[in-house]
Every structure is written in structure tokens, then in C-alpha cells.
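The annotation domain 'Acyltransferase 3' is assigned in TrEMBL to 7-307. According to TrEMBL, the feature transmembrane segment maps to 12-29, 41-58, 70-93, 152-169, 181-199, 226-248, 260-280, 286-308.
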Amino acid sequence: MSSLRDARLDNAKMTLVTLVVVGHSWTMLASNAGNNHLYDFLYTWHMPAFVLITGYLSRGFEWTGPRIWALVRSVAIPYVIVEAALAVFRLWAGGEHLHELWINPHWPLWYLPALFIWRMATPLLRSPWVAIPVAVAASLLGGLVTGATLDLARVLGFLPFFVLGLHATPERLNRLRGVPVRLGALAAMVGIWFLSGQLRSWAGTGEWLYYNDSYTAMGASPTEGYLTRLLVLAAGVVGALALIALMTSRTGWFTRMGSMTLVVYLCHGFFIKALGYTGYADWANAHGVVALLATTALSVGIALLLAWKPVATVLLHVIDPLGHAEKHLNYATELAVVSTRVDDVVDRLPMDQATERESLSAAH
């Protein structure tokens, strides 16, 4: 792994994208108090942490031609490709008819339009004293949005986490280290565990954690919605920071997989849907704790398989074909430059330096 990469963030990214797969697979489990508690606990903090880290990694974005093209190539085009591919797969394998492709993101793919919008807004969010209050206000108002166009409710709902990440610095993240901080992070997670266990009783539904339904749809008045969302946002921030604090900086095979999180995120839906079409949910509903353990283990296996370099490299060629082509073009250009320079050196050698000429020509 390149020394320029942050091992702790790569560990966090791989952990979080694995939990995304786990969370989506848990939807096939029986709906009961225990499973709902686990689900609500996970969703209180894992997507907020994912978005916060995304914001942190977006700090350098500017409105320049190369940066905007890179965003289009690595986010917009993969979204168009995978949204279409998943729609075809769901129709072919499961008989599901999807409508409003690309305008209404389906299932986990909402994250790509959201990322595109957040990153394009980055230059407008440079001042923390303005950006953070505006982001919180936008999140609160997001609960008034109805309709699914580009999942705007989620784009606004998760915006505070992106902005917090945008204004994080390596120095600030380094404060989330050490034994006392980790003990505090563990205590925070315990607190979130108990809070999430009570969410459905005092808030009426776990839908608050997804940021995609309006307050009215969740049976709340605007005032109740604002207050509940503020509490959920606060819990999400605490949980996200706790997750980062608990991550190790040690490097290994898991760390290296952290560079392949986009592949895992975009491709795991095919596996989860395929499981659903086999009737796995019926089996899971009848097997309680065994199903929970089996489903979790299977989800982790799917994430690791997709992030495994031989698999991820092939899939990257499919979901990011222009990036693959650019990489080969840049490599060919570099070879051509080196070749030209070697030819120039050889041509300048005097005739009595035949040995050097032959050596350089052979190497060339």
C-alpha cells in the first residue's frame, strides 16, 4: 500500500463497506425485537461514518476541468452503468420491473448521485462557520421533501456528516487516538446501543435512520421531526467519531482492500438480490439466531470477495471503463516519452562508443 494512504482510514472504509453489505443482507431476516435492535444500532452510525470519511477524502475537490472530469468518470458514469445493469438483473432474475432509472436511484445506488452533488458543492462549503449551520438546516428541511428524485431527501439529510468530514484535518483525526479516547469511544457505542434499542418506542419507527422519508410519512409534525432528526444527527456524529477512534493503523491485507470499497459498494447488490430470489429470506425467517450468524458471515464473505484484488480489478474494468482506458493511455504515453528520450541519447553517442550504443539499444 502506498505510504500516502492513511491505513486507519482504509481500515475504516473497508469495515464500513462490509457493514453496508451486512446491513442490506439483514433485511432478509425475520423482523423481531432483537434483529430490529441490531439493525437500528448499525444504521445509527455506519452510514454517517461512511459519509463523514467521504467528506474528508473530498477536501481537495475544486471546480477545475480535470477534477470535474474525474468526478464524472468515477462517479456519474459508474452510476449510469451499474443502475442499468442492476435493473436488467432484477428484471431477468427476479421479474422486478423498475421505473424512472437514473432519476430515481434504486436501492444502494442513491449514494453515487449524492456523492456527485456533495462533491460539486464542496467549493461552496469551505467556511465551517457557514457550512456546518447551513448543512444542519438543510438536513432538517430535508425531512419536508417528498418524492424520490435523485433521493434528494437523503442528499440533504446526510449533508452534515459530509461537511464535518470536509472540515476534518489529519491533525484533528489524530486526536482520536490513544487508550483513553478508545475507552470513551467504546462507552459511546454502548450508549448508542441502548439509545437505538429505544428508538422505535419513542420515535415510532426506525425509518428515521435512513433519512429518506418525510416527517409526515413517519407520523411526525415538523417540530417533532426537527427535534428527532437533531437527536439522530447527534447520535450519528458520536458514533462516526467513535468508529474512527476504534480503528487500528496497522496495515495488512484488510487495509489494502480499503482501496476497493467502490467495487464492493456498487456490486454487492447483485449478490444480495440473487440470495433473495432463491428464497433465502424464507429460510432465514425460520432459523432465528442461526440465520443471523449465517447471513452475517455470508455478507462478510461477499465483501471480502469483491474487494479481493483479482476480482476487484476485473469489476473495475466494467464499472469504470474510462478510468481503465485512461490508465492504459497514460502508461502508453509514459512509455513513448521514455522511448523517445532513449532514442535521443543513443543518437547523440559518438561512433567510437559503440558498446554504450549497443547496450542502450538493446535495453530499448
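Placement of Cβ uses the backbone N, Cα and C atoms for every residue, glycine included.
Please treat TrEMBL annotations as automatic predictions, because they have not gone through curation.
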Establish whether the number of Cβ pairs under 8 Å between the transmembrane segment (286-308) and the transmembrane segment (70-93) reaches at least three, counting only pairs separated by 6 or more residues.
-> no
Taking the transmembrane segment (41-58) as reference, the highest number of CB pairs under 8 angstroms among 70-93, 152-169, 181-199, 260-280 goes to 152-169
Positions whose Cβ lies under 8 angstroms from the transmembrane segment (260-280), at least six residues beyond its ends = 13-14, 16-18, 20-21, 24-25, 28, 74, 78, 82, 86, 89-90, 93-94, 107-109, 111-112, 298, 302-303, 306-307, 309, 311-312, 315-316, 319-320
